[in-house]
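Colleague: Below is one structure. I have some questions about it.
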Amino acid sequence: MLMNLFSSFDPSSNWNLSLNWMSSLTCLILIPSMFWLVPSRLNMLLMKITTTLHKEFKTLLGPASKGSTLIFVSLFSFILMNNFLGLFPYIFTSTSHMTLTPGVALPLWLAFMVFGWINHTIHIFAHPVPQGTPPILMPFMVCIETISNVIRPGTLAIRLSANMIAVHLLMTLLGNTGQSLSIMMINLLIVIQLLLLLLESAVAIIQSYVFAVLSTLYSTEVN
């Protein structure tokens, strides 16, 4: 049962093929339609979300940013698309796999670090010691800040993967009990599954937003 429970997170579990990662590229097929089709309500909603995110990221980055919100808005859209694709049956949730999420978080963190060390070396050296720190605590603050900085890509990746896996596992556990339930309990189970589906939809949006906002905040520390 344990193997069946976690088989839904195996990239090769469906149809014995290794094409489940192709779901991550679906967003590349869907996005260009807004540029050559008549704008629909869905496209208007996407443009509204994009504009709102641009304004918020612009505020977080500060007046020094010059069009640099594009990467964070694109990051939000990419993660959100993959999170929602995982809600459909027989589609692999790539953002629940620890192969994809570190591959997104680690290059971003490395880019921020390299940019900061090259362009703002003194600021990076001074950042681990906040202003007003007592001299006796400075060595400890350097160690704590260094560790918290190094583990950032790992926390970004694990947070996204764990939250996408959690509700999937709960829905799978409940679904496996349906064969031994009565008709009345099955109706209750369906209602619970629908509520969990709504919860997972909310988690998909929130985790995409959290990932993009934290990446934006990390970038502000090296400017």
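Heads up, the Cβ atoms here are built off N, Cα and C, so glycines get one too.
Just so you know, TrEMBL annotations are computer predictions that nobody has curated.
Feature list, courtesy of TrEMBL:
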type	residues	note
TRANSMEM	20-38	transmembrane segment
TRANSMEM	70-92	transmembrane segment
TRANSMEM	98-118	transmembrane segment
TRANSMEM	156-175	transmembrane segment
Colleague: For the transmembrane segment (156-175), give me same-chain residues lying six or more residues beyond its boundaries with a C-beta closer than 8 angstroms to one of its C-beta atoms, as numbers and ranges.
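Modeller: Cβ under 8 Å, 6 or more out: 5, 8-9, 79, 83, 86, 93, 95-98, 101-102, 104-106, 109, 189, 192-193, 196-197, 199-200, 203-204, 207, 210-211, 214-215.
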Colleague: Sort out the residues at least 6 away from either end of the transmembrane segment (98-118), same chain, that have Cβ-Cβ distances under 8 Å to it, and list them.
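Modeller: Residues packing against the transmembrane segment (98-118) from afar: 11, 24, 75, 78-79, 82, 124, 152-154, 156-158, 160-161, 211, 215, 218-219, 221-223.
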